[in-house]
Amino acid sequence: MFIQIEEGYDKNEAFPHKNKMDEKDPRQGHVSSDIHILPPSPYTDVRKSSFIKGKLPPENEEILPKNKNVEKPRTSFLYDPRRKTLLGRSSLNWARLALFYTIFYFCLGMFFVILLTAFAWMLDREVPRYYNKDSTMAVRTTATVVGMGFRPQPEIDDSLIRITSDPHQQIRIASSLRLYRDVYLIQRNDAKIEECSEVEPASELVPGTACSFNWFHIVNTADHPCSDNNMYGFKNEEPCVLVKLNKVYGWTPSKGPLPPRIQDLRNIHSNKSVSKPDVYITCEGSNPADKDALHDVKYYSVGKPSGSIKYGIIPNYYFPYRNAPDHVQPFVLVQFKNLPLNRLISVTCRAWEPGMEHDSKAMRGMVAFQLFRSHLIEKPNIDDR
Amino acid sequence: MFREKLTTRKNLEALKHEIDLDEHKLSINEVYRRYGTSPAMGLSEERASVILERDGPNDLTPIRRTPEIVRLAKNMFGGFAMLLWIGAVLCFIAHFLELYTLDDPQYDNMYLGIALASVIIITGFFSYHQQAKSSKIMESFKYLVPQQACVVRHGKSRNINPDKIVVGDIVEIQRGNRIPADIRIIRAHGLKVDNSSLTGECEPQVRGIEYTNDDILETRNLAFFGTFAVEGSCIGVVIRTGDKTFIGRIANLTAGIERGHTPIAVEITHFIRIITIIAVVVGVIFCICSLFLGYTYVEAVVFLISIIVAQVPEGLLATVTVCLTLTAQRMARKNCLVKNLEAIETLGSTTVICTDKTGTLTQNQMTVAHMWFDNHIIDSDIDAFHTQSNYIKYSHCWSALARCATLCNTATFTDDPNNLSKPVLQRQCEGDASEIAILKCMEDITGNVSNYRSINSKVCEVQFSSSNRYQLSIHSTDDNDERYLLVMKGAPEKIIKNCSTIYVDGCEIEFNQFWKTQYETAFKELSNHGERVLAFADYRLPLNKYPRGYEFDCDTINFHVNPYFEHFNFPTDGLRFLGLISLIDPPRVNVAEAVQKCRSAGIRLLMITGDHPLTAAAIARYTGIITDQDTTEQLIENVFDNNARSCVIHGSTLKTMNSIQLDNLIKYHQEIVFARTSPQQKLIIVETCQRLGEIVAVTGDGVNDSPALKKADIGIAMGITGSDVSKQASDMILLDDNFASIITGIEQGRIIFDNLKKSICYTLSSKIPELSPFLLYMIFQIPLPLGTIAILCIDLGTDMLPAISLAYERAESDIMKRPPRDAKTEHLATDRLISMSYGQLGMIQAGGGFFVYTIVMAENGFFPSRLFGLRKSWDSRSINDLEDSYGQEWTYEQRKALEDTCHTAFFVTVVIVQWTVLLCCKSRRNSLFRQGMSNHVLNMSIIFETLLAILISYTPYINRGLMMYPLKLHWWFLPLPFTLLVLIYDEWRKWIIRKYPGSIIDQETSY
């Protein structure tokens, strides 16, 4: 063995010996041909590549350039300049992969779109598939949870209403409410509306028609404290805040005796079940200290008496909401007068009707916002936050 | 620290060299002089204590046990767990970032971090427990130390604790003692030592005072620490103690060997690298996107972390561990005890098995193989015997041979009724291995040997000794022949000299040249089989010279003292030659079949043994390790011929080779038998194989195998015959010593690799439907379709059992017919697997998820057109009246309830689409219809995951805790189109792969 190896080295170093070498080992020059003259082995079929490599006489290894390049540099897996491969794939390979995935995703996308179209075709655009107690709106309860909203709300993630003496700020906040009013609270002349009353409640309307109710039903004169001219009260630092019940398809106040709180406020104590109760709205400070600060509150509502200092009323006949195009959700304007300066007041407004559930954590049947009255000129950048 | 490591490495290199010992070559007096001792006086106590002080006690440095806490930590922080830890830490960072910068922080990242940490800890403890259960810590070297040793000090012999023995001590060893240190023998009486744990030779070796060989293991005048004196007694001078002894060096070598990573660990590292690269790349891309979309830096960083963490496969660590454990349990039922879980897969990717001969391939029990009488070689196989029984029954020559073999035999069955009631082959015996073999053979054929012996009582005997190499005894026979019968057994060349006639076909004829040639031929044939040949002869002593009652003088004592003493008062020549009996340590049943299976599985087998080349080659031929029909001499020549397929190489030749030559030897010969190899050489052979990129399995049972066992990628020890040392050094133990169990192991190892691939493909496929909701939430500002808790429900809940059930999947094709995987190119997780899992299966699932999300949203009032850009309002607590497409207004609570309903629906969708993904992952090429549904664990897992999803969605308190909502019944059916799509697509894909191998589909999607 040693002799042979030494000979092999000699051959590579000194070419004059080449003839002798060829005589002795005819396979020397033809790397591929020596496969055929190998004795048969049980491994040939299964370990062909290593077998061939393994069977080469040692001196052949230097002739084979491949063996030298087996050790690739470490970065070559990212980009191999020699073979022009990026992450082990040539450009052609990448193109092929891209083609495959283009087709694959196109087909998958088509499948998705077709299914979705079929579904959209089946879906009713007027009536939600699930509403009221069937919908997720019921959360984990069996009754519908109705929330409330307030306006103006200039910041999406803030429930603070600033009341200032600065006219710019006043315009800013008033325009927020005006925008809302113009979009949601106006019924045009050609709107499909009908007058609603206790005898002709919303529940008996033809589908697609809405009750006649809009902003001007409450703010009926230009010198109303909450009118446009008064910048909804912000001009006088006596803001009118719009408070409304959330629209919930098909929801109506449920039958039953009025809540004790309302009975107290109305001074009519009766546990008699009311079949079509109105919705009462009250606002007060969230905390005892806030309650003291809020002593002058006025409710303007469509229900009588408007301008009450106890509560606002949304008449029962405006319910239910049926997704009519011209529907305007009935609301109550709450005017806060004589607000203390430089004091943040948390206000909670609640809706009351026999079946209404209140949960201050989940804001069921209530809404909370803050009022802050100040005379300091606000730095613009704070507001831009 | 580094220095320390360097020095230990140096020491290890030193240990790899052969022990440097020349005491056997020196004259005994020189040895005395070297150690300052004398045979009569021994050492003085004072001097002994000085030496003891210098050399340390005569025991082995105990193996440094890995502290339990370190073992636990390895399970907690190794490989995969580390990835999860990084994920968990990132989660906590993201959580704190959110906590300090956002007004309304979400706790999702914290939950995720806690979940990740718990997964790691639980899995860590689980695999630690598994490991602790199957690996018994054995301080086995301790057992090798004899209880008491008898030394001569101050001219008096006394028993001392063996760890007090020092070099130069004169020790006395009796039969049954363990040799307390490496000794040079001064005087011996029929000493035989069992060197099997050192050399693998199963027969006890004769030891005496002669220097017979350069090789320290073969020379007669040395006996080694830890070996067993089975017969005789001796006095010797201690030349090495403690760690310097032969075994001590092996023990230190074994303890010092550090093994590389297991192939599966390498694969998992590779997998982690791929996953990490993808996670980071995707994370960075979307982080940059989010900055362009106008998110703040903090938000962008939180997104980055969330995206990276979302791609951590939480359940995979547990899946892999459980899959390996299940396989380990399955293998344990087939008598393969796996000590190291990761080793299971190693066996599957093994490319070379280096097997020890004695005790592994063979039974380590001498058995009669052939007999030669009447000029015929008879196979002594019991079955063969019965077919030839008539021939044997009527052969005079056979009866003479049988009589001789029965009588000239000192072995006996252990006298115990319990023992005697056992089948012959299983009985306990006392005596020399070859005598036992003959005894058993005779008992089997003729029956009742002890009775026969008692009626042919022994008058006189000369015991076997290494110098005379025969044994004889004289009997009075019961066949009405008054003459005494002299029977003799021994080495053929010795017996033949003493014979003048030969008994053939019932006639006693002259042992002429013809018969001598016949004998030569038979002898050669038998010894070429690697068999140990014994010759038998007898002689009727003439009645006139040796009448009844003749006083035979065997002078055994005299004979032992002077081995050349041959002056008995009876003749020992002119005998009648009867025949030959040859013995072999036969291969175990099934070994040949197992070797054949290894072959077809593309695994090379190398035999490494301490035994003689001839014996080794014979067993190699018998078992099919060598398929070359050339003679053994030719095979030995083949070492120098790189074109030869097979070769047999002697340890002494191996010693002269450098590493390049060794590389070539192993590279160019497919079938190699290494004979007469030392433990160090075994280690070097294993290292060479590993250097050539092979994955090496080593099987062995002896102490001499343990360094190689430890070094190998997987060491396999024998459970019954294996020494404790070897068991400790190994990763796997064959409890039934059956080499064929290795085949099971290989098969299981290969199946588990395939199945882990499938498992990973399955587990990863749910990563896209988990990640894409977040990306869409981020980019299109839609309400989040799938929340963190739901993701955890998938990864650690519904996906776990199905992923594990794939471990039970049967092999797709005959995996034992294909070559072992190439560790360089065939990876556990390839880019194609990721592409398939993420890009195809995952995307279909995600499609299904978004489809159901859209529908749940729309049916509750939010049309897709409304959803885009809604995120900020949706997630704002201050907005209590968010309008949907039907004009309804939703409070924050209601919106979140809807969002959680969507999460539930998305989660359920993933579960339902995973049904068919699981079915698709069952096979990589085969159609599902061919693969079948016989994996009942998998079938059950589909039902289980569905039930779990139902439970999570509907059980009152559980769903509240996991923020899930009950779904409408028909939402459960919405994913079905996608479920079917997965099945149809995958069947089509596999059909293309089968029909058009090499096509673009095959190249891009077959993993």
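The backbone N, Cα and C atoms fix where each Cβ goes, and this holds for glycine too.
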Transmembrane segment according to TrEMBL, located in which of B:591-611, B:843-863: B:843-863
Among B:271-295, B:774-797, B:937-957, B:969-985, point out the range having the most Cβ pairs under 8 angstroms from the transmembrane segment (B:77-97). B:271-295
May I ask for the residues of the chain that lie six or more residues beyond the transmembrane segment (B:774-797) and have a Cβ under 8 Å from a Cβ within it? 108-109, 111-112, 115, 119, 286, 289-290, 293, 295, 303, 306-307, 310, 313-315, 318, 763, 766, 849-850, 853, 857, 862, 867-872, 874-875, 895, 898-900, 902-904, 906-907, 910-911, 945, 948, 952, 962-964
Other than its close neighbours in sequence, what residues sit by the transmembrane segment (B:109-128), given a CB gap under 8 Å and a spacing of at least six beyond its ends? 71-72, 75-76, 81, 84-85, 87-89, 91-92, 94-95, 98, 302, 305-306, 309, 312, 314-315, 317-318, 321-322, 325, 341, 788-789, 791-792, 796
Which stretch from B:301-324, B:937-957, B:969-985 shares the most C-beta pairs under 8 Å with the transmembrane segment (B:843-863)? B:969-985
Who are the chain neighbours of the transmembrane segment (B:937-957) in space, where the CB to CB distance is under 8 Å and they lie at least 6 residues beyond its ends? 793, 797-799, 801-802, 804-806, 808-809, 904, 907-908, 911-912, 914-915, 918, 922, 964-967
Cβ-Cβ under 8 Å with the transmembrane segment (B:969-985): same-chain residues at least 6 beyond its ends: 840-841, 844-845, 847-849, 851-852, 855-856, 905, 908-909, 912-913, 915-917, 919-920, 928
Taking DSSP helix as H, G and I and strand as E and B, the domain 'Cation-transporting P-type ATPase N-terminal' (B:22-96) has 46 helix, 1 strand, 28 coil
